[in-house]
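What Swiss-Prot says about this one:
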- 85-92, 377-384: ATP binding site (BINDING)
- 66-260: domain 'FtsK 1' (DOMAIN)
- 350-546: domain 'FtsK 2' (DOMAIN)
Amino acid sequence: MSTEAEPRVLREVVLSQLATGESRAYKMWLPPLTDPTPVNELVERDYQRRPLRFGLGIMDEPRRHRQEVWGVDVSAAGGNIAVGGAPQTGKSTFLQTLVVSAAATHTPRQVQFYCVDLGGGGLMYLEDLPHVGGVATRAEPDRVNRVVAEVKAVLRAREQVFKQYRVGSIASYREMRDDPSNPASQDPFGDVFLVIDGWPAFVAEFPDLEPAVQDIAGQGLAYGVHVIITTPRWTELKSRVRDYLGTKIEFRLGDVNETQIDRITREIPANRPGRAVSLEKHHLMMGVPRLDGVHSADNIVEAISSAVQQIAGRHTDQAPQVRVLPERIYLHQLDPNPPGPDSDYRTRWQVPLGVRESDLTVAYNQMHLTPHLLIFGAPKSGKTRIAHAVAQAICKRNSPQQVRFMLADYRSGLLDAVPQSHLLDAGAINRNSATLEEAIKALAVNLKKRLPPPDLTTAQLRARSWWSGPDVVLLVDDWHMVTAAAGMVSPMAPLGPLLPAAADIGLHVIVTCQMSMAHRATMDKFVGAAYGAGSPTLFLSGEKNDFPSRDIIVKKRPPGQAFLVGPDGKEVIQAAYVDPPEEEVFSPPSEGS
């Protein structure tokens with residue numbers, strides 16, 4: 001039997017030798033973008049990685065025969081991001097990837113995220129990241145307001161810091177924050193991101209917040225404050241906001257003619273979530289928010305939870321959390337150390353009303369300048385409790401020689417609101433129209449004597465030296481009941497001509513009224529005069545049609561929450577509260593008595 005090898009042709013010899021070589025032929029055609037890349041691989045493969053650049057996906061560049069990590073550098077003009085795409089194309093997952101990528105490469109001191117989730121709830125899975133200061137959903141309207149207010153407060157505070165320390169750019173400010181000896185290092189906020197998933201729903205449900213977001217988008221980049229917005233249609237994003245969003249990412253659109261980038265978006269395959277097009281007109285496959293190396297969106301909730309735990313384990317610091325308005329704020333919490341009767345007039349008549357939603361500081365009524373207060377609200381909205389709190393605050397600041405009260409209290413809702421020592425000696429408590437009318441006439445006669453003579457100097461007017469005696473507070477609970485019982489002539493008519501001079505003669509008017517009667521009350525000669533003079537007005541819970549107005553937001557609110565309109569502007573507050581007096585319980589007489 002022959003052992004000689006069968007002869008081989010030259011081709012076979014060459015091919016066998018080439019197959020064992022280390023060099024391979026150049027691959028002109030790279031694999032299609034089908035599977036998403038996890039964040040941990042995006043971070044490892046991103047050769048452009050640097051501070052404030054987030055690796056977000058894989059970009060296909062067919063002309064250069066390359067597929068490399070695509071990301072966004074938020075330190076530059078593209079620091080605001082708009083994401084467009086039809087439902088179920090991967091927009092919310094993209095936001096998750098962005099936040100996880102940023103958290104994987106930055107500390108909670110460097111970047112913070114404040115999220116409004118009006119999409120499918122995907123951002124809530126990121127709430128435990130130390131880089132996330134808060135996530136608000138459509139079921140938490142007060143929290144949504146606070147998220148936007150918190151970010152806007154950061155912007156306003158940073159504007160003041162830039163002015164104070166003459167900071168020329170946000171790049172310089174970042175360096176200042178990194179210097180422990182610099183006062184800017186005390187700023188707990190780094191680059192702050194307001195993330196809104198579902199812009200059309202945001203505008204529809206929170207129309208009053210749209211100008212605030214526009215303001216942040218327009219001014220924020222210069223101060224390290226960013227906006228990221230998703231929308232299913234570009235037409236939903238009005239130009240006054242869209243033009244401020246320098247980076248645009250486009251997933252598959254419902255109507256490709258709406259593209260903001262290029263008709264190349266029509267080439268994005270259907271039913272392929274995560275596929276998108278960048279401003280560079282390159283196809284992208286966005287990553288997935290996981291750190292386990294799996295190229296899939298399967299079991300993504302568990303993967304996100306694991307990634308959050310892994311990142312949280314690396315850090316001990318935490319992004320400042322969103323603070324929310326308390327459901328109830330007691331007067332003693334709001335005003336723990338009120339100024340006493342020895343204080344000057346201006347200080348004594350700076351009366352706390354509640355806590356501002358914008359920055360959680362105390363809102364005051366400067367009653368030395370704007371001597372009146374109007375309170376409108378639906379039943380059980382807190383009108384009378386607020387009147388109690390304001391009356392108590394005034395009494396704590398002023399002695400009986402400095403202030404006296406007259407009450408119109410048809411419903412006996414003001415029991416114990418004012419101590420006996422601070423009531424007028426005569427006509428102080430009025431529970432029907434007859435006694436109120438007589439008391440008002442007597443009060444008007446006395447107050448007319450305080451009207452300033454025409455020859456007073458400016459100094460005398462300021463000091464109110466031409467009369468002496470206590471200021472008088474007319475506290476009217478349930479104005480609608482007073483007017484209904486009065487008939488044709490209001491019992492307040494004698495005081496009407498005195499209201500323009502109220503600050504000069506020491507007259508203060510506090511009125512509560514049903515929201516359904518608010519519009520009518522502001523047309524009244526008495527309450528309307530106070531309202532028209534710019535008196536601070538609280539609009540508590542009510543129906544929108546109770547007080548039709550473009551400028552005033554009337555809606556259903558929790559008890560004590562109000563829309564405050566005053567000389568300093570408009571804002572939401574949680575008004576001060578005091579407990580109602582304890583009711584005496586009378587036991588039935590015993591059988592033997």
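Every residue gets a Cβ built from N, Cα and C, even glycine.
Positions of the features from Swiss-Prot, shown on the structure.
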| residue | record | contacts (Cβ under 8 Å, 6+ apart) |
| --- | --- | --- |
| G85 | ATP binding site | K91, T230, P232, E250, F251, R252, L253, A276 |
| P87 | ATP binding site | P232 |
| T89 | ATP binding site | F251, R252, P273, G274, R275, A276 |
| G377 | ATP binding site | K383, T512, Q514, M515, L538, F539, L540, S541, G542, A562 |
| P379 | ATP binding site | Q514 |
| S381 | ATP binding site | M515, L540, S541, G542, R557, P559, G560 |
What is the total of other Cβ atoms whose distance to the Cβ of K383 (ATP binding site) is within 10 Å? 29
Here the 10 Å Cβ neighbour count for K91 (ATP binding site) comes out at 27
